[in-house]
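S.K.: Below are the structure tokens for one structure; questions will follow.
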Amino acid sequence: MTENRIPLAGVIGCPIAHSKSPQLHRHWLKTYGVDGHYMPMHVEPEDLESVVRMMPRMGFVGANVTIPHKQSIMEIADKVTDRAKLMGAANTLIFHEDGAIVADNTDGYGFITNLHEGAPDWDAKSGPATVFGAGGASRAVIASLIEAGVPEIRLTNRTRSRAKEVAQTFGSKVTAVDWVEAGNVIEDASLVVNTTSLGMTGQRRLRVPLDGLHSGIVVTDLVYNPLKTELLQAAEEAGCTVVDGLGMLLHQAVPGFERWFGQRPEVNSAARDAIL
């Protein structure tokens, strides 16, 4: 890319109309007076490789990747970071000047940064964490919790085989628990995390007994529509510290924006308002 070319970035998905990323990145571009563009791109799975290969030649410096391309993009990239390999998905692309494509994953960074911001008194080493769900988001959460020093993680999923598979990936600190037992691994947890879509507007409810919630537990939900899910409402009523999922979306975008546009953006109330 020549020095006088305006840097381009965007988000690739199918569909893409739901993505909040354009609103957020355009807010930051305007806030910091950065000369750059960020655009949503609807890309069908069969066109993914040809589009991504063409992007560096068109002046793109990188892109975010969302459903359904977060796994398949790893097969296309020239290099995949270790954390993206561990999480089994990539959400951020960096295009080098020679055209090389690097796939990374910033979801774990976004999760743990949001958690520390929303629950500054939470101590990773204070006790076990209970995690609902065994999809890509779950892997990012687990990786970041292990790195933070959480001693034990109880992973529960509606399909037990998926929970066992993820647990085996991460080793002895992660134990798979039957979904019907989910309510029994809450009371002595220091942290409870929902990584499923259950509780999201238009999705089924998270039907897990929550009577084990009490003050001293931090509860966070990756769902941010609605912003206060039934899980967070119940946790708040039980005296827990609650952290909504919007901050993860904001924080995971920071590393990519900084890399592409040379400005580290701040996650603040204005950024939250930009995507609500």
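Keep in mind that glycine also has a Cβ here, set from the backbone N, Cα and C atoms.
Found this in Swiss-Prot, in case it helps:
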- Lys70: active site, proton acceptor (ACT_SITE)
- Ser19, Lys20, Ser21, Thr66, Asn91, Asp107, Tyr224: shikimate binding site (BINDING)
- Asp82, Gly133, Ala134, Gly135, Gly136, Ala137, Asn157, Arg158, Thr159, Arg160, Ser161, Arg162, Leu222, Gly245: NADP(+) binding site (BINDING)
S.K.: Could you name the residues, excluding Ser19, Lys20, Ser21, Thr66, Asn91, Asp107, Tyr224, of the same chain that surround the shikimate site, i.e. Cβ within 8 Å of the Cβ centre of those residues, in sequence order?
M.R.: Val11, Asn64, Leu249, Gln252, Ala253
S.K.: Take the Cβ of Leu222 (NADP(+) binding site) and count every other Cβ within 10 Å, whichever protein chain it belongs to.
M.R.: 27
S.K.: How many Å separate the two farthest-apart Cα atoms among the shikimate-binding residues Ser19, Lys20, Ser21, Thr66, Asn91, Asp107, Tyr224?
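M.R.: Farthest-apart Cα atoms in Ser19, Lys20, Ser21, Thr66, Asn91, Asp107, Tyr224 are separated by 18 Å.
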S.K.: So of all those binding-site residues, Asp82, Gly136, Thr159, Ser161, which one's Cα sits nearest to Thr66 (shikimate binding site)?
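M.R.: Comparing Cα positions, the closest of these binding-site residues turns out to be Gly136.
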S.K.: Cα of Asn91 (shikimate binding site) to Cα of Lys70 (active site, proton acceptor): how many Å, rounded?
M.R.: 6
S.K.: For a quick check of packing: other C-beta atoms within 10 Å of the C-beta of Ser21 (shikimate binding site), how many?
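M.R.: Result for Ser21 (shikimate binding site): 25 neighbouring Cβ atoms inside 10 Å.
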S.K.: Under 8 Å Cβ-Cβ from Lys20 (shikimate binding site), six or more apart in the same chain: what's there?
M.R.: Leu249, Ile275
S.K.: Compute all pairwise C-alpha distances among Asp82, Gly133, Ala134, Gly135, Gly136, Ala137, Asn157, Arg158, Thr159, Arg160, Ser161, Arg162, Leu222, Gly245, the residues listed as binding NADP(+), and give the largest one in whole angstrom.
M.R.: 28
S.K.: Gly136 (NADP(+) binding site) to Lys70 (active site, proton acceptor): how many Å between their Cα atoms?
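M.R.: So the alpha carbons of Gly136 (NADP(+) binding site) and Lys70 (active site, proton acceptor) sit roughly 9 Å from each other.
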S.K.: Can you figure out which of Ser19, Ser21, Asp107, Tyr224 (the binding-site residues) comes closest in space to Asp82 (NADP(+) binding site), comparing Cα atoms?
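M.R.: Closest candidate to Asp82 (NADP(+) binding site), judged by Cα separation, is Asp107.
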S.K.: Measuring Cα to Cα, how many Å separate Ser21 (shikimate binding site) from the residue listed as 'active site, proton acceptor'?
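M.R.: Their Cα atoms are separated by 15 Å.
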S.K.: For the C-alpha pair, I'd like the distance in angstrom between Tyr224 (shikimate binding site) and Ala134 (NADP(+) binding site), rounded off.
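M.R.: Given the Cα positions, Tyr224 (shikimate binding site) is 18 Å from Ala134 (NADP(+) binding site).
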